[in-house]
Amino acid sequence: MLRLLRSSWARGLGSGVATWRPSAGLFRPGCPGIRQASGASDTPHHQSPSSESPVQPVGVGVCSMMRLPLQSSPEGLDAAFIGVPLDTGTSNRPGARFGPCRIREESLMLGAVNPSTGALPFQSLRVADLGNVNVNLYNLQDSCLLIREAYQNVLAAGCIPLTLGGDQTITYPILQAVAKEHGPVGLVHVGAHTNTTDKPREEKVYHRTPFRRSVDEGLLDSKRVVQIGIRGSSRTLDPYRYSRSQGFRVVLAEDCWMKSLVPLMAEVRQQMGGKPLYISFAIDALDPAYAPGTGTPEIAGLTPSQALEIIRGCQGLNVVGCDLVEVSPPYDLSGNTALLAANLLFEMLCALPKVTTV
């Protein structure tokens, strides 16, 4: 059973401190500096606290994803938001370790229903925030082991993880856990880079290698892998050739320019069928005009509306896990990148199986 690594939280300058009982474990509270709201407990809610307290101003209460209850265990949950504050696998600009906290902060303004799709996730699923995986920032290999162990426990409880990254490295140990539970899975990967590099500088694990390592270990059903938004210069064509040689469908960003992606997603739905599917969304898929706060930006990317079309196009599929990675708050001065990330994670929640619509 997983436990939050609990500590003292402060509401702000000059305020009292709400003390958490110390407990060793794989998870820790998601966003320090905010006091836990009175009455919060481990009991999961069907309804988002955002809608239960519509007059509560932003910045007051629990600093959790959408003000959901913080829970120390995945038991009894259908889905959970989990932060993985890791960026030691980054090759360019760091800062993704701060992504989970910033995304949670921007999520405080989100509502509980999706008027565009009619999805009612909190009336359909039991959802909570499990805090952050207690990674080891000094040892990437150890962090991967900790992530895999944490997600194995979450998945064994029948809970679908929705992950706040962190750099793309984290997808590899998450897929290890997902494949252990579900077998090889299909993948909808949205990002600027294929992340199928082999071993630059003899490093097998970092944010450009997760899907190559996943193929090596048989974690993916390669005939059901789609990569959307790929673009930018490259030192070699090997990653592109490798993806296609494995049977991945690679959709370049140029093939998405100035068009709706609804027809593409209709084809993807046919390709995925009813088998388990994992969604991995790197925020660098979006053009840096919309999402500048990322470690490895590339020009001429997707638009937010296309991102919505991709995620909404997965609604009704057998989604068994999702992640949103590569948000780097130090390069996100306006907060717009984290705001986009929070909204896309909400859309992923709305696309999960068993979510009812009106």
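Cβ coordinates are placed from backbone N, Cα and C, and glycine is handled just like the others.
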Worksheet item: Of the residues K223, K259, K354, which is given the N6-succinyllysine tag by Swiss-Prot?
Response: K223
Worksheet, complete the sentence: N6-acetyllysine per Swiss-Prot, picking from K199, K275, lands on K199
Worksheet item: Say you check the Cα of H193 (Mn(2+) 2 binding site) against those of the recorded positions Q168, K199, K223; which is nearest?
Response: Q168
Discussion item. Can you tell me how many other Cβ atoms are located within 10 Å of the Cβ belonging to K199 (N6-acetyllysine)?
Written reply: 12
Discussion item. If I take the Cα of D284 (Mn(2+) 2 binding site) as reference, which of the recorded positions Q168, K199, K223 has the closest Cα?
Written reply: Q168
Item to complete: By Cβ count within 10 Å, point out the most packed of the recorded positions listed: H193, K223.
Response: H193
